[in-house]
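Single-structure report; data block below.
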Amino acid sequence: MPAGRGRPLRAADMKKDVRILLVGEPRVGKTSLIMSLVSEEFPEEVPPRAEEITIPADVTPERVPTHIVDYSEAEQSDEQLHQEISQANVICIVYAVNNKHSIDKVTSRWIPLINERTDKDSRLPLILVGNKSDLVEYSSMETILPIMNQYTEIETCVECSAKNLKNISELFYYAQKAVLHPTGPLYCPEEKEMKPACIKALTRIFKISDQDNDGTLNDAELNFFQRICFNTPLAPQALEDVKNVVRKHISDGVADGGLTLKGFLFLHTLFIQRGRHETTWTVLRRFGYDDDLDLTPEYLFPLLKIPPDCTTELNHHAYLFLQSTFDKHDLDRDCALSPDELKDLFKVFPYIPWGPDVNNTVCTNEKGWITYQGFLSQWTLTTYLDVQRCLEYLGYLGYSILTEQESQASAITVTRDKKIDLQKKQTQRNVFRCNVIGMKNCGKSGVLQALLGRNLTRQKKIRDDHKSYYAINTVYVYGQEKYLLLHDISESEFLTEAEILCDVVCLVYDVSNPKSFEYCARIFKQHFMDSRIPCLIVAAKSDLHEVKQEYSISPTDFCRKHKMPPPQAFTCNTADAPSKDIFVKLTTMAMYPHVTQADLKSSTFWLRASFGATVFAVLGFAMYKALLKQR
């Protein structure tokens, strides 16, 4: 990880231009410095003030347009000076090395004046410029060093000569660098250590880069890090040299041949102390950080256009990334994430994104830990319901960096308009939303939990404050793995447009409650009778004594009248996991909404779908066991 200029930074990574203001006492040579830079020779005649100079991006080392502004006390008012200070990104305070009065004015006038015009928490970076070094045999550094130690906003001090062009280009490079690669957010000179925000950002970067999660960066991980940040690999000897530097200074910076977090942080401290903080900034910006060490909105929320009637899903590359993320943190290889393993995974997040309800939204093991399938299901749910949140989460995990993609938007597939699916009588979607509707206590939550393979005994153990209104799991239809997302819709007289929007409707009534079916019938007539959304009626709690429903016709006759499949008997009160038949039917109806009601009532149609589900569930389990053996 050598200190170098590294990869070209993207436009969003740092400021689009730099504005440098030169101030100082009269006749210290401010204008001469600017004119010497532009003409590359000392001007014989110097005007009272130089016009604003713009240096194009292609001739500056950092490829950023730079504006250089001169200040003349003779030509400008105090108000104009204050305005220039407010517009500047960096200020060069120029003094003459042979003029003690101009040096004294640095602290008695200029620094206080500038600081009065800037916020205490975001001071402008300052460069002290000692001009006319050609006129003396000595250096002013002894006098200037205490000033630099007193004011942390001073980035550096440069002695130069406009007459013989000494350090002129270096002066403006340092000024530009002070804006693009500021020391302030990274390092505290008084404490001689990195600031907490910088340590936090670099720790996240280390954890993302530690792809096998063993607490060190091995040679392969260091080389990958070097390549994505600086566009160049490290030779084996260079890698060893880096580790030797760390070994020389701290005892626990290298372990098992890899760089530890302490070693990683030490290297960056060393870069900053040696004035090579552009190296640390290159790394920070590559991983999405701005000048305040916050992740940028451009990094977390890349542009993703989603037309109406389209949904969002994870693509194959995203699932591979999430599989590797799961494997990285499943340290005991039990195909489930314990609370500690999940906490470790979320250390790269600024907050814990999942609450206890997630454990009742997706599949868990007997300990209540999210399984491999449950982990992928939760990401699928987030992508479908709130794709911006999914992009944010993938950003925290470093998706675009580890997969070397432009952004995490490349992880998302935007499905085509549902109307096209209906016209073509086929769908490319893999996630289907089913709204589960019924009276309170009719058994809707039982249906949701049954999708996760939980019987009534297991459901009774769920705390009220941990309940979820969503459940998602995979279902096999005709040998294809699809995700079925169930949403429990609260009972109300009229449904909102958002509550109607789905691929299939599951209308649930309680066979033991005579008033239960009437609500399903009313909601169907109000919202779904004339729509193209397929509906399935589920007769829940079928293990209880069935009573006659207080409605004009029976549920069976109602289904026949409206050309729907007959009511599906369902119960969670089973010794093993509840039957998955209704979920296969719901997913099939969502996949094939154009299929005629006659086909839906055909036992052969359902047999083909269910047989495919059984075969692929068995195959899936076999592949799962094979995966375990490989791991």
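Each residue, glycine too, has its Cβ placed from N, Cα and C.
The topological domain 'Cytoplasmic' annotation in Swiss-Prot covers 1-605. According to Swiss-Prot, the N6-acetyllysine annotation covers Lys105. Among the features that Swiss-Prot reports, Ca(2+) 1 binding site is placed at Asp210, Asp212, Asp214, Thr216, Glu221, with the record citing sequence analysis. Sequence annotations record features per position, and here Swiss-Prot assigns Ca(2+) 2 binding site to Asp330, Asp332, Asp334, Ala336, Glu341 based on similarity to another entry. The domain 'Miro 2' feature in Swiss-Prot is assigned to 429-592. According to Swiss-Prot, the Mg(2+) 2 binding site annotation covers Asn441, on the basis of similarity to another entry. According to Swiss-Prot, the feature GTP 2 binding site maps to Asn441, Cys442, Gly443, Lys444, Ser445, Gly446, Lys460, Lys541, Asp543, Thr571, Cys572, an assignment based on similarity to another entry. The transmembrane segment annotation in Swiss-Prot covers 606-628.
Known features from Swiss-Prot, placed on the structure.
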| residue | record | DSSP class |
| --- | --- | --- |
| Asp210 | Ca(2+) 1 binding site | coil |
| Thr216 | Ca(2+) 1 binding site | strand |
| Asp330 | Ca(2+) 2 binding site | coil |
| Asn441 | Mg(2+) 2 binding site | coil |
| Lys460 | GTP 2 binding site | coil |
| Asp543 | GTP 2 binding site | coil |
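Most buried of the binding-site residues Asp332, Glu341, Asp543, judged by other Cβ atoms within 10 Å, is Glu341. Under the three-state DSSP scheme, Ala336 (Ca(2+) 2 binding site) falls in the strand class. Each of the recorded positions Lys105, Lys460 was scored by the other Cβ atoms within 10 Å of its Cβ; the lowest score goes to Lys460. Ranking the binding-site residues Thr216, Asn441 by the number of CB atoms within 10 A of their own CB puts Thr216 at the top.
Cβ proximity to the Ca(2+) 1 site centre (mean Cβ of Asp210, Asp212, Asp214, Thr216, Glu221, cutoff 8 Å) flags the following additional same-chain residues: Ser209, Gln211, Asn213, Gly215, Leu217, Asn218, Gly258. In this view, Asp214 (Ca(2+) 1 binding site) is surrounded by 14 other Cβ atoms within 10 Å of its Cβ, with every protein chain counted.
Counting other C-beta atoms within 10 Å of each candidate's C-beta, the binding-site residues Asp212, Glu221 are led by Glu221. Asp214 (Ca(2+) 1 binding site) sits 13 Å from Glu341 (Ca(2+) 2 binding site), taking the Cα positions as reference. Ranked by Cβ neighbours within 10 A across all protein chains shown, the binding-site residues Asp210, Asp334 are led by Asp210.
Under DSSP, the residue listed as 'N6-acetyllysine' is assigned to a helix (H, G or I) in the three-state scheme. Here nothing among the binding-site residues Asp212, Asn441, Cys572 falls inside 10 Å of the CA of Asp332 (Ca(2+) 2 binding site). Secondary structure at Glu221 (Ca(2+) 1 binding site), taken from DSSP and collapsed to helix, strand or coil, is helix.
The Cβ of Ala336 (Ca(2+) 2 binding site) lies under 8 Å from the Cβ of Asp330, Thr364, Asn365, Lys367, Trp369, Ile370, Thr371, Tyr372, each of which sits 6+ residues away along the same chain. When the record's GTP 2-binding residues Asn441, Cys442, Gly443, Lys444, Ser445, Gly446, Lys460, Lys541, Asp543, Thr571, Cys572 are compared pairwise by CA position, the greatest distance found is 17 Å.
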